[in-house]
Amino acid sequence: MSCFGFLDRLQLPRNMIENSMFEEEPDVVDLAKEPCLHPLEPDEVEYEPRGSRLLVRGLGEHEVDEDEEDYESSAKLLGMSFMNRSSGLRNSATTYRQSPDGACSALSARTVVVCAFVVVAAVSVIMVIYLLPRCTFTKEGCHKQSQSLESIQPVATNGKPFPWARVRLPMAIMPLRYELSLHPNLTSMTFKGSVTISVHALQATWNIILHSTGHNISRVTFMSAVSSQEKQVEILEYPFHEQIAVVAPEALLMGHNYTLKIEYSANISSSYYGFYGISYTAENNEKKYFAATQFEPLAARSAFPCFDEPAFKATFIIRIIRDEQYTALSNMPKKSSVLMEDGLILDEFSESVKMSTYLVAFIIGEIKSLSQDVNGTLVSIYAVPEKIGQVHHALETAVKLLEFYQNYFEIQYPLKKLDLVAIPDFEAGAMENWGLLTFREETLLYDNNTSSVADRKLVTKIIAHELAHQWFGNLVTMRWWNDLWLNEGFATFMEYFSLEKMFKELSSYEDFLDARFKTMKKDSLNSSHPISSSVQSSEQIEEMFDSLSYFKGASLLLMLKSYLSEDVFQHAIVLYLHNHSYGSIESDDLWDSFNEVTNKTLDVKKMMKTWTLQKGFPLVTVQKKGKELFIQQERFFLNMKPEIQPSDGSYLWHIPLSYVTEGRNYSKHRSVSLLDKRSGIINLTEDVQWVKVNADMNGYYLVHYASDDWESLITQLRVNPYVLSDKDRANLINNIFELAGLGRVSLQRAFDLIDYLQSENDTAPITEALFQTGLIFDLLEKLGRMDLASRLVMRVFKLLQNQIQQQTWTDEGPPSVRELRSALLEFACAHSLAGCCTTATQLFDAWVASNGTQSLPTDVMATVFKVGARTENGWLFLLSKYTSLGSEAEKNKILEALASSEDVRKLYWLMKSSLDGDTIRTQKLSFIIRTVGRHFPGHLLAWDFVKENWNKLVQKFPLGSYTIQSIVAGSTHLFSTKTHLSEVQTFFENQSETTFRLRCVQEALEVIQLNIQWVEKNLKALTWWL
Ligand SMILES: [Zn+2]
């Protein structure tokens, strides 16, 4: 699956920890003698969200009144009466507030006696409750079975004992083949279904436990292979685990096959999960219906009863009854189409290959396609008829990439067809269902007149990602969701790798580099998690779909490829795919394949476990002394609690350490060695001026240099930056700003380093500098410190002035140049610099005068629209175009402009409309909230909107899903006051315990706390020197 908008929502953690390793000589330790405090067993590195909860207790220690006052006055100023500043916030803030004497004041003897009595009474009550059997107290008394007991002895909906208590299914019964027949009614949004499942008993048992949710089951029959006589049987339902149990009329014998037939009916979902339906307005204003599926991770069970875990692979025969005007598609090619007596059509699809339930898919809609044959596989791109003109780029791309992957993996794509379908309303970016890839329209369709180079890259990358999944994920599948990174990390890695090979002109390495920067920012928080983490509940599984599984996974594979060489890497993954085709695997299976190829010259498993089973990443500190480099590693951790630090010393990584120097022949002075101890020494061949560690940032770690070594690098950048690659220059900018956040270097030194930007021409370093300084601007702006914010902008503008003035308002040049143009003109217009807004206004006025028919340069279109949206008439005109245009690429640029307005009434209307899903589809809601939340004053409004509509949001999007992650982060990440911290915490505490424990909630609280500390630390210094 591709999750949309990951990188937009990565946040701003800042810290104030003052430290410098160079105050003392590096302490070289022989790690061979040092016991490993972190044994790296999966069970011991489970996700522990509770830790952060303590971080934000005791907020009352701080003065909240002043911040509250600021917040209220800004709200009043903006006329935001709907902002709903609840008295609950005040009450909760008061609860936290300590006495003026502080919490540590001496207690009186009387207080001690009273407290002791209260404690004894409380303990007694707790013990009585604990010892009472099978009962939980409620207002009505003791009538409800306690959950802990229920998990031991669950009760089915009919009151009978349910024979299985665990979330995971028993392994006694394995499905072999499903025959699924569906008759959907797209106007009544209901369907009838029937599923016949052939199963094989691996153990003797009386029950068959499988998943089912939301089904009205009318009839269940059971048949053994021996008797071949159908018997109607009873089923038990246990909704808490979304499971049903079929009570067999006879014992199922080990090694025998049986058949189960379940007839049922259900609603077509109105969310984006399971078998869901949508309506849309076609060109002639006619209302149309469309039904699609999105099963990953846990929604196949809502479309049909099934063994809904990835390891329960089986084959599928799917039959769909439809009206004549619709086309039905499924994973496999259509085998037959039969006209029935009632005028309906019955389509039957060929039996599938063996696959997991989350990959099953079917869609029904009025669609057209364009196809091309690739060595016996028919590749087709489908869209609604009026958008069929936008599928050519996708077809060309899919054909090229299919050929590339078949050659690279040395395994043929096994199906006779490969459909890529643009769905009019779809939550994820895309989904890799085997043979039937589903996409948003904006991630598959490309319009020559309105799609920018960034749009083209997006479509190409997402197709590359989903096609890679046909091998990584579909052919070889993770056994359980704890190893989701094996699917997503690989697909993300292959997405960039294949683009570098097949579409080199797109410079996709720039995007991958940017993704690594942003992923490491998230991974440096306490709320981060190892990419291979233990998961059980549906929320925990949903939470695995975050940028770490995708981009950290991909970054680790890049590091491994760089270390082992491209040939060895390819050899190992080809071996892995061949060894495990149609099977289910764990991380160890992948590392075993690598170890087989490296032939024990390197223990890849041992090395990579230090990266997949630990959260975070190392900070490598470097000091050059003569011809020697002294190296140390520690965890890079934006830690707010000093007491956490000691245990942090147990983290140790096996780091492939690479470096470049300014030797006589630059290109030959690259070297790689493995640092598997706390510290080490690298001998340089000659005494060099400077050393840049982590060449091209292929390694997943940050580097801090001794003061003199930073100075040498800064000097080199000023003298001749092009001695270093653009990746290295961008990496240095990223490194030094992240270290400034940690307090290891001063912000002033970070700005000293980017002074060389006046002579920088490449995209990656400039966009990284704009990103880092933009984060600081955002914080200052939201604090109302416009004096400092303006000085910051002017400082950056002076550095990039020449480059900005050289830009033309065209689509000319290679992709990288075009993207730089977008970034520079966006910066200039956002801050009304260099006459940018004048040109943008002229272009916008001409576009309006032509009623939106005059074509604009696509790369600057969003900037032009944003400037145009600043006036009332401009905003309204853009909205009218949004509702009538046919290009999603153009509509997205308009929507971004609409959501960048400063008019809070308009912003509120946008969010509300998207939640309702009429004028603006609900799939765009998280994008709108993120965009509104980025600007002033929208960031206050976005959070209020989220609070007011929280219940609706979690009905529409699963708790923990990436959309909820995105909404929580997007509406809170720019808060930097204690009042906001308290408010966000109180709000989520007042939801369920599960909600409060969500990783995204803990992350939001941590980010706000870090912002507060960053402001406290840096505001004065900025005032002084900026
Ligand atoms: Zn994916």
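In case you wondered, yes, glycine gets a Cβ from its N, Cα and C as well.
Pulled from TrEMBL:
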TRANSMEM  107-132  transmembrane segment
DOMAIN    175-359  domain 'Aminopeptidase N-like N-terminal'
DOMAIN    394-611  domain 'Peptidase M1 membrane alanine aminopeptidase'
BINDING   His465, His469, Glu488  Zn(2+) binding site
ACT_SITE  Glu466  active site, proton acceptor
SITE      Tyr550  site 'Transition state stabilizer'
DOMAIN    690-1009  domain 'ERAP1-like C-terminal'
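Here the features listed in TrEMBL are painted onto the structure.
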residue: His465; record: Zn(2+) binding site; contacts (Cβ under 8 Å, 6+ apart): Ser2, Ala430, Glu432, Ala491, Thr492, Met494, Glu495
residue: Glu466; record: active site, proton acceptor; contacts (Cβ under 8 Å, 6+ apart): Ser2, Leu420, Ala430, Met431, Glu432, Leu437, Phe439, Ala491
residue: His469; record: Zn(2+) binding site; contacts (Cβ under 8 Å, 6+ apart): Glu432, Asn487, Ala491
residue: Glu488; record: Zn(2+) binding site; contacts (Cβ under 8 Å, 6+ apart): Met1, Gly473, Phe545, Ser549, Tyr550, Gly553
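Among the recorded positions listed (Glu466, Glu488, Tyr550), Glu488 have a CB atom closer than 6 Å to some atom of ligand 1, in sequence order.
Mean pLDDT of the predicted structure over the domain 'ERAP1-like C-terminal' (690-1009): 96. Excluding the listed site residues His465, His469, Glu488, the same chain places Met1, Ser2, Glu432, Glu466, Ala468, Phe472, Gly473, Asn487, Phe490, Ala491, Thr492, Met494, Glu495, Tyr550 with Cβ atoms within 8 Å of the centre of the Zn(2+) site Cβ atoms. There are 30 other CB atoms within 10 A of the CB of Tyr550 (site 'Transition state stabilizer'), with all protein chains counted.
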